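*Asks:* Marked as transmembrane segment by TrEMBL: 27-49, 61-88, 100-121, 142-164, 197-222, 243-264, 276-295. Taken from TrEMBL, the feature domain 'G-protein coupled receptors family 1 profile' covers 42-293.
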C-alpha cells in the first residue's frame, strides 16, 4: 500500500494565499484587482495606441508591443487562480492544469527577459549608430527576433512538465503561492529531483541569466557612447531615451532573482516574505510597465492624448 501511495500523481494541488492573513483575503483582493485591472487595461491601451499611430511604427515601439503582450499574458495566467482564491477560497487546482499554468508562466517570464534584451539592443543601435538604426532593425528583422524569442522559451521549457510528471508525489500537496511555480511543484515530490534541479538551473542560466548579462553589457556600451558625445544636452537626451527601459529591467529582474534565490537557498525565509516576493514578481511588472512608458515616453503620451481628444470630439 505504501508503494502505491508513494508512486502516484495527486489529482490536484492546494494553492496558498497570503500566510497569516487568510481572514483578510476579501480585503486584500481589492489591491490585487487594481493591479490586474491596471495591467490588462494599460497594456491593451499601449497596443491600441501603437497600432493606431503610424508615427509609432518603429522598432522601439514594436518591441514595446511585444513587452505589453507578454505582460498581458502574465497577468491573465495568474488572475483566475489568484482572484479565485482571494474571492471564493478556491484552493484546488488540477495536476495537469497546474503544469499548464506553470509552463505558460515560465515561458512568458523568459519571453519578457528576452524582449528586454532586444529593447536594450535597440537602444544601443539607436544611440551608437543612429543613421543605421532603420536599416539594421527593419520590420522583418523585428518579426524574426520576436519569433526567435518565443521559440527559444517554448523549446527550452518543453521538457519541464514531462520531468515533473515522471516524479512521484506523496503526502504534501500544498503549494506556496496562488499559482504554480516550477521549484514549488518540484519540491513536493518524494522522489529524486536532481535532474529537475539541474535542468532548471541550466535553462535559467542559459536564458534569463544570459539575457541579464547582455543587457548589462549593452548599457556599458551605451554609456561609453554617451560619454563620447560632445555636449551635455546630447548626453542627457540620449540617456533619457533609456530611462523607461532601465525601470522595466529593474522592476522585472530584481524580484525574479529574489524569488529564484528564495526557492533554491532560502529554506529559513518566512513564508510571508516568499509570498510577497512572488506576487511582486508576477503582478507588479505587468501593472507598472505601461504606466512607466506612458509617463516617460513623450510619443506614447502624445498619441494617447490625441486618441482621447478624438473620442471626446
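One-based numbering along the chain as shown.
Placement of Cβ uses the backbone N, Cα and C atoms for every residue, glycine included.
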*Asks:* For the transmembrane segment (27-49), find every same-chain residue at least 6 residues outside the stretch whose CB is under 8 Å from a CB in it, and list them.
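*Replies:* Beyond its ends, the transmembrane segment (27-49) has Cβ neighbours at 17-18, 21, 56, 64-65, 68-69, 71-72, 74-76, 79, 82-83, 86-87, 279, 283-284, 286-287, 289-291, 293-294, 300, 303-304, 307.
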*Asks:* Below 8 angstroms Cβ to Cβ, which residues of this chain, lying six or more residues outside the transmembrane segment (142-164), approach it?
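*Replies:* Long-range Cβ neighbours of the transmembrane segment (142-164): 59, 62-63, 66, 99-100, 102-103, 106-108, 110-111, 114-115, 118, 182, 185-186, 189, 195-196, 199-200, 203, 206-207.
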*Asks:* Between the transmembrane segment (197-222) and the transmembrane segment (276-295), are there three or more CB pairs that fall under 8 A, provided the residues in each pair are separated by 6 or more in sequence?
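*Replies:* No; fewer than 3 Cβ pairs under 8 Å.
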*Asks:* Residues sitting near the transmembrane segment (61-88): Cβ under 8 Å, six or more positions beyond its termini, same chain?
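*Replies:* Non-local partners: 15, 17, 25-26, 28-29, 32-33, 36, 39-40, 43-44, 46-47, 50-51, 101, 104-105, 108-109, 111-112, 115-116, 118-119, 122, 139, 142, 146, 149, 178-179, 248, 282-283, 285-287, 289-290, 293, 299-300.
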*Asks:* Are there residues at least six beyond either end of the transmembrane segment (243-264) with Cβ under 8 Å to its Cβ atoms? List them, or say none.
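*Replies:* Answer is 67, 109, 112-113, 116, 119-120, 123, 181, 183-184, 187, 204, 208, 212, 215, 219, 273-274, 277-278, 280-281, 284-285, 288-289, 292-293, 296-297.
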